[in-house]
Amino acid sequence: MLNYSDISWAEKGMVATINHSRLKDKGVGQHQNAYNYKNQNYEDLRAECLRKGELFEDPFFPAEPRSIGVKNLGPNSEHMQNIYWQRPKDIIHNPQFITNDFSPTDICQGILGDCWLLAAIGSLTTCPKLLYRVVPRNQSFKKNYAGIFHFQLWQFGHWLNVVVDDRLPTRNNKLVFVHASHRQDFWSALLEKAYAKLIGSYGALSGGSTLEGLEDFTGGVAQCIPLQKPPGNMLRLLKKALEKSSLMGCSIEVTDNSEVETMTHNMLVRGHAYAVTGLEDVYYRDKLETLIRIQNPWGRVEWNGAWSDKATEWEEVSPDVRVQLLHKKDDGDFWMSYEDFMSNFTLLEICNLTPDALNTWDYKSRWHSTFYEGSWRRGSTAGGCRNHPETFWSNPQFKISLPEVDDPEDDSEKNEMVCTCLVALMQKNWRHAREGPQLLTIGFVIFSVPKEFQNLRDIHLKKDFFLKYRDHGFSEIFINSREVNSHLRLPPGEYVIIPSTYEPHKDADFLLRVFTEKHSETWLLDDANRFEHLQEETVTDKDLDKDSLQLFKIMANEDGEVDMYALHKLLNRMTAKLRNFKTKGFSLEVCRRMINLLDKDGSGKLELHEFQVLWKKIKKWTEIFKECDEDRSGNLNSYEMRLAIEKAGIKMNNRVTEVVVARYSDNMIVDFDSFLNCFLRLKAMFAFFLSMDTKKTGSICLDINQWLQITMWG
């Protein structure tokens, strides 16, 4: 019996991609139906440990130096001396998983440079409903304790259930990484371990952004807004974000490390993460004043300017408003005017939540969201940015329809007919290769779809389209970041989004997410795999010149037929005489495929009429090859191969194109023999499929015997 371990890595990747797509269609990967990371089922593993009376030890993230990291966190580094892995019960007498009085100030950073993760975890504590989506309840060091815990983390479009054992790195009986200030709670330390397992090691956590952590804890889309150059609809954007229960943070950026944790004259802390939690309009001195509520999660130091707890402005508003909004406590919560907010803080960060994160909440409105997973593959779908027009068209393409305009703005004199759209492009798995490849420079371009291309789906726009039409919008900049996004306001209509790397020929996987205020439709814009039945060639005696006819008779056997070997010699002599065409000749494999294509009686040979048909086809294929060989090099590049195969009658979608290029190109170069080998293989596979799909359903059912016969023959 064939074992999965016997299958090559390339085949495993293809099988994994197909299986992943099938599971996604069944709803696996949503929060309520998360993937079991590393195929580890928490309930099953815990039950097995309880049955055996053992404590769980995770084989995929062992209590070994390699789980901590390399270089500065390697086993020989200064930081990692005298490190021991201990379970919480070995550290303190009565450990708790999580208590009800958690707050951001309970979480302390260790020796690891992951303050960004610390801030994201702290933000979760301000929103218990989100926290308990990540940290499932009913976990304990007492009832059914087996040394195993689990967490739910979002990664690149899918929720994962990540299992860890509770062995944690310690020195002198104290945790060396994230820990609780009062030492009793261990949920934050174990959550950090689950995140480290997901990306490979603790060391891979060094360096990041708070928004990256918030995205992986919520599945939301994050955006940064510099407040020195805010968008024109800044106040509306804030109101909409709060209506949609978005998580928001603000800060005063620093340019020098010496400024971190220093205070302004109004008691705001530089380099400090604040939360934006509310927005209210109050009547003050006969006009409407917009106030913003800010929370300092890390301490009790508060703003002491206008509208602070003890400010005189509160004496001039109605008593009802004062009672409703003002709470004179040093609890980190305070109000300030919108103008003071804009002039004192320099950065606003927003994490827009997906509808599934809000499904049990009270909210006024929510985003409509869709996401697509895709890839850029060298030689097929990695076309680079618009600076590379010869290959830009080959990038994945996505169409979005925006039929409904936003609701009118209450505070605006002119109500534009626009659709708000948040587009976010994220590259996958960059932390997993932290010691190797780094982040690629990525971005996207948006084109308005002209009328003649609207309502089309089974099409991949080619080079001519992008040379003719201008883009309608674009990401702020192509940047080497995990994610780039743009908050756009577009007229109703259809648009095409082209995500790409800046340079062509860069391999990567990506996630494209689109958030809209109103209903929208999005879909992948791609060719359907299709075989066009071209008109069969009619041949006459004039299609072969006298020399070629004589050569056939010399090569043929007594029955007037040529086999694969004779055809090989015959074709190589004849193609050598073709004018303005370079070729190294045909391989035996291609000759075998040609015979399979035209051999009607199953003899494995071709008689004269069949050869005449073949020769006419070959001349047509050579013309297609020359037409697509734009630089007249005698070869096609892998992008031209897709166009040539299409001209020959076969359309391929991006996934099939990626496989074909990987199989039949040599460093993105395709000679005539490889082109024909690929085309004939595709044509044979289409013929087999269509003959089996008698009801034209687009799918067939094969047993192992039929599968092996067809694939081995093809």
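Heads up, residue numbers simply count up from 1 along the chain you see.
Placement of Cβ uses the backbone N, Cα and C atoms for every residue, glycine included.
Listed ranges 16-31, 528-543; the one Swiss-Prot annotates as region 'Linker' is 528-543.
Nearest to Ser603 (Ca(2+) 1 binding site) in space, judged by Cα atoms and limited to the recorded positions His272, Asn296, Asp629, Asp631, Asn635, is Asn635. Within 8 Å of the centroid of the Cβ atoms of Asp629, Asp631, Ser633, Asn635, Glu640, where the record puts Ca(2+) 2, the same chain has further Cβ atoms from Cys628, Glu630, Arg632, Gly634, Leu636, Asn637. Put simply, of the recorded positions Cys115, His272, Asn296, Asp601, the one whose Cα is nearest the Cα of Glu640 (Ca(2+) 2 binding site) is Asp601. The two recorded residues, Glu610 (Ca(2+) 1 binding site) and Cys115 (active site), have Cα atoms 73 Å apart. Within 8 Å of the Cβ centroid of the Ca(2+) 1 site, not counting the listed residues Asp599, Asp601, Ser603, Lys605, Glu610, the chain contributes Glu561, Ile595, Leu598, Lys600, Gly602, Gly604, Leu606, Glu607. The secondary structure of Asp631 (Ca(2+) 2 binding site), as reduced to three states from DSSP, is coil rather than helix or strand.
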